[in-house]
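*Asks:* This is the feature table in TrEMBL:
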ACT_SITE  Lys88  active site, proton donor/acceptor
BINDING   Gly188, Ile189, Gly190, Ser191, Val192, Gly193  NAD(+) binding site
Amino acid sequence: MTTVTHPVPTSDAIATPWASEQTITCRDDRVGLRAIIAIDDTTLGPGFGGVRYRAYPSTEAAAREAQRLAAAMTLKHALAELPYGGAKSVVVLDGDAPAPGSPERRALFARFGEMIARTAGSYVPGVDMGTLLEDMQTIRDDGGARAFCDEVSPSPFTARGVYAAMRAAAVHHHGEGGLSGLRVVVQGIGSVGEEVARLAHGDGARVTLADIDTARAQALATELGGDTVPTEAAPFTEADVFAPCAVARVVTRDSIDRLPARIIAGAANDTLDSPDCAGALQAAGITFVPDFVANAGGVIQVHGGVAGWSPEETLAAIDRIGERVTGLLAAAEAEGITPVEAALRRADAALGRTVVR
């Protein structure tokens with residue numbers, strides 16, 4: 001498994017007192033619990049979003065991340081036409097994390113589950129950075145809260161959605177050839193990035209891979225007949241498509257002039273460092289697929305499991321991400337707006353309000 005660093009956000013664009021429907025702080029000194037639940041919007045259904053378990057430099061930073069990620073989940077569900085709102089929670093890690101299965105860890109997540117249960121179903125948690133399936137089972141079984149405890153890995157489904165988005169963008173930009181003959185740079189060869197690379201290769205793309213685990217990247221590159229570059233060089237490597245599948249906020253205003261790829265579509269959340277990057281990318285002639293559209297395959301798979309969809313129905317729903325991207329790019333072009341703005345306008349219509357820009 002690839003380990004990546006996820007920087008704590010410093011922008012206060014979403015970290016305002018009224019950013020979410022509810023922002024709940026949770027504390028129990030007996031088990032060392034400090035947590036924040038952000039329920040961004042429940043217009044479409046209960047707020048669904050993962051539980052992050054990591055260290056934060058301050059309570060403010062933890063709250064900011066929870067609110068920001070909850071807002072992103074609102075957009076993801078709205079654009080994927082799923083019956084969920086957006087939510088997220090963070091459990092603040094102080095020191096070393098208790099070992100999986102230990103009494104200390106079970107007590108922590110059982111108590112957190114009790115506090116989640118007080119939301120009366122407005123927040124439904126799932127696995128995220130630093131948490132495990134068994135933590136969700138503890139939240140459900142010992143804490144009495146509803147939780148998504150799907151034992152199927154969402155990674156292949158997330159990757160399939162990213163591939164569908166990438167291919168749709170390639171057709172929009174280059175014509176019906178799809179990815180055939182194009183060079184795709186994948187940054188981050190974890191479980192999602194690896195599958196994205198395989199799917200792109202299977203569609204005729206030449207792949208270049210980048211990961212902090214250089215041995216893993218090289219092994220996959222050898223298998224697929226591709227090559228590797230250092231992780232930090234990936235955005236600036238000659239390519240037709242750049243697929244960020246690791247760290248957030250990899251595209252900054254200062255970097256846009258140095259990006260050779262004409263298409264950016266990946267699995268990483270918060271690809272853009274700031275909202276004005278979307279306009280700058282458009283001005284530079286770069287087609288950007290909003291990450292909250294491209295990486296929705298995992299949540300679609302989770303919903304498919306809950307709804308009792310057949311495997312074929314689930315895959316068809318994920319493949320429709322490509323159709324959504326086609327529609328967004330066409331609308332953006334026709335209206336003279338960015339793909340991000342086109343996506344946000346669809347979210348506005350679904351939610352009956354103007355989402356944060």
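Glycine is treated like the rest: Cβ placed from N, Cα and C.
TrEMBL entries are annotated by machine, without manual review.
Each of these features: where is it, how hidden is it, and who are its neighbours?
*Replies:* Annotation for Lys88 (active site, proton donor/acceptor): spatial neighbours Ile37, Ala38, Asp40, Gly49, Gly50, Arg52, Glu65, Ala66, Gln67, Leu69, Ala70, Met73, Asp128, criterion Cβ-Cβ under 8 Å with sequence separation of six or more. In the three-state DSSP scheme, Lys88 (active site, proton donor/acceptor) falls into the strand class.
For Ser191 (NAD(+) binding site), the Cβ neighbour count at a 10 Å cut-off comes to 16, with all displayed protein chains included.
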*Asks:* Within 10 Å of the Cβ of Gly188 (NAD(+) binding site), how many other Cβ atoms are there?
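*Replies:* Gly188 (NAD(+) binding site) is surrounded by 28 other Cβ atoms within 10 Å.
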*Asks:* Most Cβ neighbours within 10 Å: which of the binding-site residues Gly190, Gly193 is it?
*Replies:* Gly193
*Asks:* What count of other C-beta atoms do you get within 10 angstroms of the C-beta of Val192 (NAD(+) binding site), across all chains shown?
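*Replies:* Excluding its own Cβ, the number within 10 Å is 30.
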